[in-house]
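Asker: I have a structure I would like to understand better, so I am pasting it below and will then ask my questions one at a time.
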Amino acid sequence: NFSQVTEFILLGLSDNRELQIFFFTIFLLAYAMVLLGNLLIIVTVRTDPKLSSPMYFLLRNLSFIDICCTSVTSPRMLVDLLSQRKTISFGDCVAQLFFLHFVGASEMFLLTVMAYDRYVAICKPLHYTVLMSRQVCWVLVAACWAGGFLHSLVQTLLTIQLPFCGPNTIDSYFCDVPPVIRLACTDIYVTEWLMASNSGLISLVCFLVLVTSYTFILVTVRVRFTEGHWKALSTCGSHVMVVTIFFVPCIFIYLRPFSTSPSDKHICVVYTVLSPVMNPLIYTLRNNEVKASMWKLWKRQR
């Protein structure tokens, strides 16, 4: 594509050395929590036969996606925080952009599937075993990954066809579509709107489907005051928290013409660092079955 740029310079979150060390400490702890917390969930769900329902099958897949998602950005960010010159090659930048959107979109679709699972469990309990059989769950998870791949492929192809001839400074801590395509030395108006409609609409549509599902659940729970429904509602409450933390920043970043606002990179921290940290905390601390299974797993290992 006649690009002359072979590498990009990442400005990171701050050029203050003390702040960089502070961020390194916080993000290293966050990354460790993501890895340990989600791996613990995966092992617990995998080893406890009592956690064989579709909800926990989907939760295990969500934990795996969270590990992948944060591993796309966090390791390089941690290295760059201790480096004087923060550079990334053109190929590595494109690869990071591809995998970020691949796992990010897959997580959006999976969260939507999890909301559908709760909707069926509460609103159509008699049909739950049929509508959410193990075969159906595998098909839905595969569809999530396939949808994420197609979304990311479109974003990546639209990016690499642009010519980059300078400047090569990205005001962020990772390569993403908005800051990268702003560096192209050509008119990006059409490309910008195509990308915004792709990422932004996916975020918005998934979010609206989630809100609709939880609205139906709330209406159903108001009518049926049973212990089982209140337990399911508690689970939905944690889902809503995850959804809000993850989707709102994504919609803000992608569902508009891409800007170069310095605040955007700080908003990105919410869904690249904070959201993967919150998932294992919310799904363990607010779920008695998972906590009990983890405790049994701990006692078996002693």
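The first residue you see is number 1, and the count goes up from there.
Cβ coordinates are placed from backbone N, Cα and C, and glycine is handled just like the others.
Any TrEMBL annotation is an automated prediction that lacks curation.
Found this in TrEMBL, in case it helps:
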TRANSMEM  20-45  transmembrane segment
DOMAIN    37-283  domain 'G-protein coupled receptors family 1 profile'
TRANSMEM  57-78  transmembrane segment
TRANSMEM  98-116  transmembrane segment
TRANSMEM  136-154  transmembrane segment
TRANSMEM  201-221  transmembrane segment
TRANSMEM  233-255  transmembrane segment
TRANSMEM  267-285  transmembrane segment
Asker: Verify whether three or more Cβ pairs under 8 angstroms connect the transmembrane segment (201-221) with the transmembrane segment (57-78), leaving out any pair fewer than 6 apart in sequence.
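Answerer: Between the transmembrane segment (201-221) and the transmembrane segment (57-78), which are separate recorded stretches, there is no contact, as judged by 3 or more close Cβ pairs.
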Asker: Report the listed stretch (20-45, 136-154, 201-221) having the maximum count of Cβ pairs within less than 8 Å of the transmembrane segment (98-116).
Answerer: 136-154
